[in-house]
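Take a look at the structure set out below.
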């Protein structure tokens, strides 16, 4: 542009911000007016055009949302005008008084009326003539549309006739679609020029989603017998973030300055503002090692005064490094917002997995059958139980009990008991760890039984089987998908680690085609709970905040979860992603869960026939004594309960038996869920009370 052009550009941006182009146009317009003879008309045009320009600058003012003084607004407008944003200093000054007097909505209405009136003055047209012109234009457009449709139909008929005559000479031509991409260099050293930010990217709607909504409007959850809960039961209120754009841009300057201080040439090319974190996309210069940027994590934390900075190097699919900085004022994500979204409504699967929003504010929705099994782990209070409640609520809002059944295992007793009585449950919520192991055993048997039925009907999976039953009008033979949710895997592993591990591995390896899916949650991400066998067979994971990088690697095989900030902040790592995706989980309160459950129980009939049969089978299995149980087992159990201690040497002394036999009896007690696992030199924990042991012995005698 040259020196003069640059000076004028910055001056006009200072005055008008993003409307800087108006001033050269206004000068040209006023110059033309000066050459006219009629001075009265010139004054009228000059005043009206000036009023329109000032109104536009006020409307474009970006400082209206901040409760600042006039001086602070002017300073903020100067910062915004540096990147050709807002309405400049003029818009900030005039807007300050108008927004104080009339508020945002009142100011918009007033200025819109003022602009329309002055446009009528400049053009010399009245409202009636404008209305007449609009009606005539609409009629012309209708006529043109009809003519176009007529010509198109005639052209199609001509093409059909020509195709019939020339069937031997068909030429297929492909349309070459050229797309031009405009690239702009973004430089935060001169932030006053050309930075492009992508604030509030959640408003962007993809064309594919619109096509899906128009072409394939199929309701896969329609069931007249099941009354779906209304979304009004969920809370619509949501706390909005108050992080200012100025603060975000200043953080961008600090990041670039820190990189420059350590000799790294880079620039920020985009900024994504999410509900909890803001992601700065940093593009390093050619030849810069990514390891150098990653090693500056602590330095960036100190420069930005933020303790939980996470660096993603590189961002999948981009030649940039993501620097994720937590927002000072965080925004919660409502589950109602997810359920009301287009993505959720257009989802064809009966097993939705609506988790929350990513770093750009876009809704993250997948399906459980794509996972096909999911491991959830994180420290206490990081958001695991809320995530499980979100998943269950998704299923209740999307699927009928005939399509999806749930088996909930809750060794913690208090987390999932609220769902007792909903029609989706196969059996009441399982709280006894020993009974939970047998429930998993039943699931293995159900899986094997389903595969036998598939073989008899010559189908490969549950989807093919159900479609075949629909074509044969055997709707009563259709099988529901089963989702098994375990809220605390560590408690099950304490009772019967070997059996639970075997059942989980068997289900994870084979149950997908049978329509059985596992969701396992634990707050102990250690190798004795999340064993190698379990990890190898459960490919999709969700990691919440953990205390160390070792725990993060145990869950994800990556570090990074130790940098999460808690309260629903997660790393979502499905089997079809190359790297984990950071997501802010949706929040659902206990009151919302109770409202949904109470509505479903009050408006739907629960059929308990199959549920009772399954529960009876599990109870019988739990009561079956072990075939090779030692004859001294009951005597040993009485000694253990009376003395409230259990060890191999203790049983050797009391029963006067050898080491091998005493060790075998202790192992049998552990398998029965009476004793806890081996803890080095410490005595094993007694997991049952005296009354429970007495009941166990009575049932065993029967």
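Any Cβ shown, glycine's included, is placed from N, Cα and C.
Keep in mind that what you see is a predicted model, and the values were worked out from it rather than measured.
Within its own chain, residue 380 (ATP binding site) has 523 as residues 6 or more apart in sequence whose C-beta sits under 8 angstroms from its own. What TrEMBL lists as ATP binding site is 378, 379, 380, 381, 382, 383, 384, 385.
According to TrEMBL, the feature coiled coil maps to 174-208.
According to TrEMBL, the domain 'FtsK' annotation covers 350-553.
Among the features that TrEMBL reports, transmembrane segment is placed at 12-33 (among others).
Taken from TrEMBL, the feature transmembrane segment covers 45-62 (among others).
For 74-99 (among others), the entry in TrEMBL reads transmembrane segment.
For 105-124 (among others), the entry in TrEMBL reads transmembrane segment.
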Would you count the other CB atoms within 10 A of the CB of residue 383 (ATP binding site), including those on all shown protein chains? 25
Check the DSSP secondary structure of residue 384 (ATP binding site), expressed as helix, strand or coil. helix
List nothing but the one residue from 378, 381 whose Cβ has the fewest other Cβ atoms within 10 Å; the candidates are the binding-site residues. 381
Would you pick out, from the binding-site residues 382, 385, the residue whose Cβ has the largest number of other Cβ atoms within 10 Å? 382
State the mean pLDDT for the domain 'FtsK' (350-553). 91
So residue 384 (ATP binding site), by the Cβ count within 10 Å over all chains shown, scores 24
